[in-house]
Amino acid sequence: MIYAYIENSKGKFKKAAYELVSYAKNLADTVGDSVTALTINSEDSSELLYKYGANKVINIQDEALKSFNPKEYASVLSEIMHGNYILFTHTTDSASIAPYIVKKKSAAYITQAISTPLSMVPFRVKRSVFSGKGIAVVETKEPIIVLTLSVNSIGAKENPVSGTEENITVCTDIDPRYTVKQEEVITGKLDVKDAELVIGAGRGMKGPENWGMIEDLANILGAATACSKPVSDLGWRSHSEHVGQTGKIISPKLYLSIGISGAIQHVAGVNKSKTIVVINNDPEAPFFKSADYGVIGDLFEVVPILTKKLKAFKEAN
Amino acid sequence: MKILVAINCVPDTTSKINFTNNNKEFDKNGIQYIINPQDEYCLSKALYFQEKQGAEVSIITVGDISVEPVMRKALAIGANNAIRVNIQPTDSELVAKEIASVAKEGQYDLILLGKESIDYNGGLVPGLVAAELNCAFVNAVTGLNIDGKTIQVVREIDNGKETISIELPAVLAGQEGLVPENQLKIPNIRGIMTAKNKPFTVVEPKFFGNKVNVVEFEKPIIRSNVVWVDKDNLDELVRLLHEEAKVI
Ligand SMILES: Cc1cc2nc3c(=O)[nH]c(=O)nc-3n(C[C@H](O)[C@H](O)[C@H](O)COP(=O)(O)OP(=O)(O)OC[C@H]3O[C@@H](n4cnc5c(N)ncnc54)[C@H](O)[C@@H]3O)c2cc1C
Ligand SMILES: Nc1ncnc2c1ncn2[C@@H]1O[C@H](COP(=O)(O)O)[C@@H](O)[C@H]1O
């Protein structure tokens, strides 16, 4: 049996969930097995997961798990996940739950895989190392494998099956030594790790007051916003937007960089993007060496025009 | 209060990465080593509690003798003592087991690790340490307060943050933001001098048997040359993104 843990955000499946189910389905087809997707307190329809190949969806409902506690999540999940392949998306939450399951099952633990298996026995898969400056093929001969998949690594692929649903209600004891006190979330904002399109802006923006044009562009495209390290260090943007070797490592379909020089540490965090566009007024900017498309020009001129053109394109398509 | 900070010794962020021996090994030639950046945030935060609350801060590295200069730097920054587990690690799970074992024996209250190393980008040692110790774990920590046996932890969540109250012991994976950039501690001359005389323990490894091995390395595909688009012809960029790259 192949298990995939499906994360949700406020009840809705995360986009990466479909990619994970696609991954699980690929594994299942290779070994002639079926996919069971597990969710905790989700409100989305299981149909959404059947569409990508989940044969079974188990919905766990538990009041006590309304707030996140990795240890508690793991103890509930590990009671159900009795397969040889236990899959997660590599997010902060899933990467917190998985280790407890690894321990419980004495499993091999492979994180941030970027490919489907190269072979099943022994199990071999690629993972990105040295912040995207290398790729490692790793291997395990263990019978039980817990694997986390990098977001946007293989992409979601529809593969409809007729699935079944099971609803389980559990009543976990609340751990008195671990209490979530407060949550502050900015709603309506796309998360940079989950996003398929990302606009990154750097010190070329001159100051935080100029970010309106970046947000306009992001809104038109439905993209998340990111920034370079100095921009977050200067407090122009929140640290959660900082991408790069020491920030978030992302792999969207499109990374559009604006006023970023392309220092090796920044590029290391974005070079797994499918397509990179660079806008910079310095033709010598190192980022152009890692770009698919380059525009030499003043961002204060280029960005508003590009936004207008994209808006027209979106309206026409 | 005893705090254990796990320090990984990694290639400098500007390193060019190459592989040797038929792509079976990482080429260490000419590589400068540094404290893993996220571990630096953890160390600075731990030293804050050393200063304010008299916490004892130990550092631990699983590595052969070549990691000692980097560990000495952590001592120069201010850690009280250092423990090195004498083995060149080849499997993260074993690293986690060694760290957990030292943490248990030393009865540490709080174990701080970086969220992810910039060498093998596992992001797995911290969680496994927590699982080994069967204690609480918080990932992506950007804020920490200690109040006796209780800690308040702030962690990053999608588009926001969450504050959690935990009873010690606990394992935390820290990241950028845990201390402001301008409060990252750097070694001074006095620190460098005193580092030489600080307790430095070398222990032999207890755990063996890799479950996961690297078979070989590859270099990522290099992008073909950049296609230039004239800034006065941005319709062309939109067309390329739609028709050629198919990303919009
Ligand atoms: C240990 C370490 C870790 C690091 N980790 C990271 C990391 O994870 N992520 C990261 O981003 N950085 C990281 N850095 C910093 C990195 O080395 C660079 O300093 C940083 O990426 C530069 O940011 P920037 O491109 O925004 O700024 P700058 O280097 O100042 O570049 C600004 C760019 O904007 C262009 N520009 C200026 N005005 C305009 C205009 N009007 N129109 C168009 N273009 C314009 C300029 O030509 C220039 O190329 C790290 C550094 C160290 C030492
Ligand atoms: N060999 C090691 N010695 C000490 N700490 C380590 C070692 N490897 C990893 N760590 C710690 O675990 C964190 C995450 O590493 P990783 O799981 O390898 O990405 C690092 O930031 C360190 O704090």
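Cβ atoms are placed via backbone N, Cα and C, with glycine included.
Note that the structure is predicted; figures quoted are calculated from it, not measured.
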Of A:Arg203, A:Arg237, which does TrEMBL put in the FAD site with A:Gly259, A:Ile260, A:Ser261, A:Gly262, A:Ala263, A:Ile264, A:Gln265, A:His266, A:Asn280?
A:Arg203
With the Cβ atom as the reference point and anything under 6 Å counting, tell me which of the binding-site residues (A:Arg203, A:Ile260, A:Gly262, A:Ile264, A:His266) are near ligand 2.
none
Maximum Cα-Cα separation in Å among residues A:Arg203, A:Gly259, A:Ile260, A:Ser261, A:Gly262, A:Ala263, A:Ile264, A:Gln265, A:His266, A:Asn280, which the record lists as binding FAD:
18
Under 8 Å Cβ to Cβ from A:Arg203 (FAD binding site), same chain, six or more residues apart: give me those in sequence order, or none if nothing qualifies.
A:Ser228, A:Pro230, A:Val231, A:Leu234, A:Gly259, A:Ile260, A:Ser261
Protein Cβ atoms within 10 Å of A:Ile264 (FAD binding site), excluding its own:
17
